[in-house]
Amino acid sequence: MDSLCLNSGLHGVIPAITAVGNGGCGGVVEVRATASAPSQKRGPFGFSFKYPLTPFWSRGGGGGIASRRRSGLCLDDAVLVDSGDSRKPIAEETAVEMDTERRNGSWVLKILDVQSTWKHEEEEDDDEVEDEDGDEDEEVELDDAVVSEDDGGCDVCSVLEDDGNEANKFQLDRESFSKLLRRVTLPESKLYAQLSYLGNLAYSISKIKPANLSKYYGLRFVTSSAEKTESALKAENGEVSGETKPIVEAEEEVEEEEKNKSRKISASAAYEIVASAASYLHSRTNNILPFNSSSKAENSDKHDVNLTNAESSSDVAYSVTSVVAAEEDVKQAVADDLKSTISSPCDWFICDDDQSHTRFVVIQGSESLASWQANLLFEPIEFEGLGAIVHRGIYEAAKGMYEQMLPEVKAHIKTHGTSAKFRFTGHSLGGSLSLLLNLMLLVRGEVPASSLLPVITYGAPFVLCGGDRLLKKLGLPKSHVQAIVMHRDIVPRAFSCNYPYHVAELLKAVNGNFRSHPCLNKQSMLYSPMGELLILQPDETFSPGHELLPSGNGLYLLTSDFESPDIEDSDEERLRAAQTVFLNTPHPLDILSDRSAYGSSGTIQRDHDMNSYLKAVRSVIRKEVNQIRRAKREHRRSLWWPILVARESGSSGIAVSNGQINGQDFSGMMQTGRKSLQRFSRLVASQHMPLIVVMLFPVKLLFLGAFNVFSFR
């Protein structure tokens, strides 16, 4: 999923803009390219704007219209897909062959694909004189919008007052943060492992073998997005003949090759540009980080921005910003394309557990061009007329997938009636889509709340503002949404980290929907966490531990601390503060400023990949199972120990009550006899009779028996 971008100037606006300063609601200050941003209590941010942020970047050479409009550097945390082995289903490792070239595709080049689809929109504005006039008009409109925002109330003041308030109120370190963590039980971990396995399969749906799915997990494969798309295309256009289809595919391959040749930026060069941009911005804003993730941030190297690749980086930056700041008719065209029932922005598949009558809907993350368009159209709109605010691009994509899946939902209810259950899950963008689809089925009356099992997401961005309030309004508990987040995954932090004040003002300037966005105005974030937040920490050999979490791997539920609340509702406030601190530690800018974060072997890929989630959950289960086995072994030894003590006492001439011995023997046999009988039956069945003596009798008991025999002789 998703991207974080910073651009270097306002698209279509002269470098000086009028914005509300920190001196009060009525104050107006002028921000210029040579002036630093007003000092506010805020965190750093990397995100995408069509109108770049001029004060952050200096630019040498050429200052024409084109250079003013396409300046900026893009910071993106896309799902960097690795080669074959990283996404192989565990049960089918030897059978699945991944498409290496597709899986290693650069997220920057994927963004360039998005840019190419929007290029024709800019060709209409080639005349420089008309552009200059339009820029001046737009400047007046934006300035008026910023100034007039204070007429209805002091939203800016509330941003400044509320920003970081809860986090500062509750000082959280590792010790205090650990008190808010509860280890997930073994049955819950096994459920999460099963769903993470299905989420991993979603990236290779064409390779799924229904027989293996049934063998390992007892699930029956039902259908997939590929089958739905094929059926829709046949119904609309008719089936393509066998002779024509290869010709069409060949033409498409030629067009794709030409498109690739037209690109003037390589993945390695793009990573260098992005890392330089993030590092430079990190050095400029390091002193205003509200949640400093580590001491390394204070001692990080300050890299100079290399603007020799400005032409290439501007293509990337512009493609990221072109969607959210485009005209409404253009954005509506993208929305219509996203909710098309013919194609799906993310692949998905459905499988059934016939014993529990549960239908699993599994959705993959960002892979296609359509999914990237959904990511980039991040402006807020209302969700289903219920007052909650939602990410527009993902909401529009969910509408199209809703129409595709609805027949399968109705068919399952028709077959099983009130006993029908639905479990939605997904990774990255797929997790956000799973949540919206689940809620849409309930709101639209297609599925009762009793049939909807909790939604479980992996590394998914939060896409709702007022989500917890919406759950309460629908009569659902917070546990209905369970968001599993890798300890250093950048994607869940993308929309929920703290945004600087001036970035919030720029968002309001380029898109009117942000001006009344409550999360941005009062919490300095785009979309707030909702439901339950579960934190997954893998082994330290795989990824360094998190500074707020206990050492070692584990899966924790972040919950309220109910010990002696200081004030009313302090538990809920403490929980929100803990979520805020965690989602800003490390801050996305800290992650992006590290050059080792990029590429198929970078930390972004490592901490966000679905296969990493699967491996981490399974390692937690192994650790828990080993602890349980160790505890049972110690328990059995404690039950047999009195027998050994009694025999030793008898052999040394010490009198011991027979009733005491018999009672201890009887208690031990009652608690361990069944296990011993099971072991004995397995040994008999395997014809390993010589091992019975070794297995049934402890070593000490054998030595004592032998000693007694020799002593009598």
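For all residues, glycine too, the Cβ spot is worked out from N, Cα and C.
Quick caveat, the model's predicted, so the values are computed rather than measured.
Looking up the ranges 232-261, 652-681 in Swiss-Prot, the one annotated as region 'Disordered' turns out to be 232-261. Checked against Swiss-Prot, the range among 61-65, 336-340, 426-430 recorded as motif 'GXSXG' is 426-430.
When Cβ atoms from all protein chains are considered, those within 10 Å of Ser428 (active site, acyl-ester intermediate) total 31, not counting its own. Distance from the CA of Ser428 (active site, acyl-ester intermediate) to the CA of Asp489 (active site, charge relay system) is 10 Å.
Distance noted between the C-alpha atoms of Ser428 (active site, acyl-ester intermediate) and His608 (active site, charge relay system) is 8 Å. Model confidence over the motif 'GXSXG' (426-430) stands at 95, taken as the mean pLDDT rounded to a whole number.
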